[in-house]
Amino acid sequence: MIKKAIAKVVEREDLTESEMIQVMDQVMSGEATPAQIAAFITALRMKGETVAEITGAARVMRDKVTRIRVGKNILDMDRDDINVDLETILDTCGTGGSCTNTFNVSTTVAFVVSACGVKVAKHGNRSVSSACGSADVLESLGVNLDVTQETIERCINEIGIGFLFAPALHGAMKYAIGPRKEIGIRTIFNILGPLTNPAGAGCQVLGVYREDLVEKLAHVLKNLGCKRGFVVHGQDGMDEMTLTAETRIAEVTPAGVATRLFRPEELGLSRCGMDDLRGGDAAANAVIVRRVLEGEKGPKRDIVLLNAAFGLVAAGRVVDPAAGLTMAAEAIDSGKALAQLEKLVKLTNE
């Protein structure tokens with residue numbers, strides 16, 4: 001099948017979802033050669049991946065992942081307006097690849113959102129385009145990445161947050177590692193990670209490195225059964241909601257996909273420069289993350305609050321971003337967000 005698919009894609013013909021499933025099953029089962037894999041993903045990138053193609057690839061990757069078993073729905077009995085359909089596990093994983101060298105915003109957000117009563121299955125990896133990926137900064141903060149599947153499940157179920165280290169859970173990806181490294185370009189594999197959470201997170205805030213991926217990946221999430229989520233891209237290039245410019249947002253709901261531009265001023269947040277959000281290596285970013293969780297004021301805190309606000313909306317914890325902003329600030333200022341980090345460090349090192 002992969003030979004036929006290569007020939008078709010080279011002629012700039014789109015594959016159906018079913019065809020893509022067949023090809024990716026060959027790739028992830030070790031039936032395709034390295035040369036075939038490289039040719040296919042290069043041709044696909046040159047043509048441009050469609051919603052159907054990305055959906056098919058993600059379905060195969062989800063099928064072959066090592067699954068993390070956690071409770072399906074999380075209810076907060078202190079609330080008056082419990083929404084069973086939306087209160088599910090949240091992921092804040094982005095594609096990476098923005099090349100803006102900011103600190104680890106979505107990783108910091110994960111602790112804040114989990115402190116608000118949302119169970120977070122933070123999916124991530126080591127650095128792709130920056131000096132520090134989510135795995136790198138968590139390791140520097142003291143989180144042990146070399147843990148069992150059972151420990152990850154305990155983290156999510158008992159403390160409300162766990163880190164899902166992609167290389168340890170996506171074993172079928174090993175067949176594509178060599179070809180990807182050798183061709184050295186971004187391919188469909190750069191966007192599959194956030195679409196294939198091993199815990200089956202039903203709600204997401206997904207940052208992407210290209211604006212044209214925003215609406216496309218929102219429709220993919222919809223196809224894959226996402227209950228509610230946001231796909232975002234900062235006009236400054238960030239794969240996060242940003243404070244330096246407007247952010248393109250595609251919201252996924254049961255009703256469909258709606259896209260718009262968001263301005264920081266809508267939530268009363270001040271704009272800043274990119275230098276205000278810069279990070280460094282793992283050690284430097286660990287210091288930044290800890291300072292934000294300890295309550296240090298400034299643009300770094302504000303961008304965390306902004307992204308956390310939308311995460312809380314996605315998880316059904318609040319009805320709008322303004323309420324999410326207030327809840328996120330309280331989670332930091334009360335010390336609960338920092339406590340989540342300390343609990344994760346402790347449990348992963350037991």
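Cβ coordinates are placed from backbone N, Cα and C, and glycine is handled just like the others.
The structure displayed is predicted, hence computed values, not measured ones.
Quick look at what Swiss-Prot lists:
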type	residues	note
BINDING	G94, N125	anthranilate 1 binding site
BINDING	G94, 97-98, T102, 104-107, 122-130, S134	5-phospho-alpha-D-ribose 1-diphosphate binding site
BINDING	S106, E240	Mg(2+) 1 binding site
BINDING	R180	anthranilate 2 binding site
BINDING	D239, E240	Mg(2+) 2 binding site
Quick check for the class: what is the C-alpha distance, in angstrom and rounded, between R126 (5-phospho-alpha-D-ribose 1-diphosphate binding site) and E240 (Mg(2+) 1 binding site)?
17
Local Cβ density at S106 (5-phospho-alpha-D-ribose 1-diphosphate binding site) - other Cβ atoms counted within 10 Å:
26
Test of understanding: give the count of other CB atoms lying within 10 angstroms of the CB of D239 (Mg(2+) 2 binding site).
26
Do you see any of the binding-site residues H123, N125, R180 whose C-alpha is within 10 Å of E240 (Mg(2+) 1 binding site), and which ones?
none
How long is the line from the C-alpha of S106 (5-phospho-alpha-D-ribose 1-diphosphate binding site) to the C-alpha of G94 (anthranilate 1 binding site), rounded to the nearest angstrom?
8
Since the record lists T102, N125 as binding-site residues, which of them has the fewest other Cβ atoms within 10 Å of its Cβ?
N125
Proximal residue to D239 (Mg(2+) 2 binding site) among binding-site residues G94, T102, H123, R180 (C-alpha distance):
G94
Minimum Cα separation from T102 (5-phospho-alpha-D-ribose 1-diphosphate binding site), reported as the residue among binding-site residues G94, N125, R180 that achieves it:
G94
Under a criterion of Cβ-Cβ distance under 8 Å and sequence separation of at least 6, what residues of the same chain contact G94 (anthranilate 1 binding site)?
S106, P194, L206, G207, V208, D239, E240
Entry from the binding-site residues list H123, R126, R180 having the most other CB atoms no farther than 10 A:
H123
